[in-house]
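Asks: What TrEMBL shows for this protein is this:
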- B:Ser34: active site (ACT_SITE)
- B:Lys81: active site (ACT_SITE)
- B:5-92: domain 'Peptidase S26' (DOMAIN)
- B:101-141: domain 'Peptidase S26' (DOMAIN)
Amino acid sequence: MKYNILTRLRSLMRITIQYACITHCTFEYLGDFVLCKGPSMEPTLFSDNVLLTERISKYWRNYQSGDIIIAVSPVNADQYICKRIVAVSGERIVTQKPHPIEAESVQKPVKTAMTTDYVPRGCVWIEGDNKGNSSDSRYYGPIPLGLIRSRVVCRVWPLSQLSGL
Amino acid sequence: MAFRRFAKSLLYALPLGITFLDCVGYVARVDGISMQPVLNPDAEERDYVFLLRWGIHNSAVERGDIISLISPKDPAQKIIKRVVGMQGDVVSTLGYKHEIVRVPDGHCWVEGDHTGHSLDSNTFGPVAIGLMSARAVAIVWPPERWRILKNELPGRRRPIQVAKTSYYN
């Protein structure tokens, strides 16, 4: 009886480890699901949307401008960010520096200068769709390609808004 | 029949192996002279180091650790450097465009031990912590060079505020 329980426990552990490893490999090398939080990608993505992302393009690194990507935040390594690639390396970006916070408090619109720049090699320029409420490359500059984890393929939840992106 | 058994065991072992390499660590060869004299003291003979991946993502990296990271210039390339400053540290640079740099949040300052022969933060600036992939813990090959890699930082390369506090105490 005791022997029976031990063998069952062993086979249970074996199966658990096996499936954990298969899950890890699938999520790490093929694709995974991501829950969106925050307003920075409105009106394309809203909070609590679930996205299907693929990690295969990571090996070719053939990201194009317009792709929505998940990347490790360059200002906080424990956080992931979901943004749209605006320009890849070698392309030119024209961007407006965000309004300084003091300017809003005095209710006086400040004309901020447009800056033109080239995205350096091995980097991409990312911006949120919600330009007024997004902390992105306009704050921390172009991010290295190595920070990108995956590319968003489609939205899977809520089901009524199921669509490719 | 033998083939089926082989395929089945491969199917079992492959995910297990990949997961082990991803979560625990792996062995890699060091190329180049940028980490002399600790790694590759003889340019002809390449060292193999064990890279520990465990604990790299919860920011358990300290100043003086040797880490492997994805190059910020070329994502296909991995480089091995020593961490000189963590986020918030004030580092005096060696030939960077600013003489003194405060490392921004989420970044660190990495340098090769072989000053002047290393492509490091003095060229491309602070690097994002998210680019770190593993920490080098030991040289495993060749056998006569087997050793644990110590966490050491030359006194002259300590961040300014750390050097100051240890000077006054």
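Including glycine, each Cβ sits where the backbone N, Cα and C put it.
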Asks: Just to verify a number: CA distance, B:Lys81 (active site) to B:Ser34 (active site), in angstrom, no decimals.
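Replies: So the alpha carbons of B:Lys81 (active site) and B:Ser34 (active site) sit roughly 8 Å from each other.
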Asks: Test of understanding: give the count of other CB atoms lying within 10 angstroms of the CB of B:Lys81 (active site).
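Replies: Cβ-Cβ neighbours of B:Lys81 (active site) within 10 Å number 25.
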Asks: Taking the Cβ of B:Ser34 (active site) as the centre, count every other Cβ atom within 10 Å, in any protein chain shown.
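Replies: B:Ser34 (active site) is surrounded by 22 other Cβ atoms within 10 Å.
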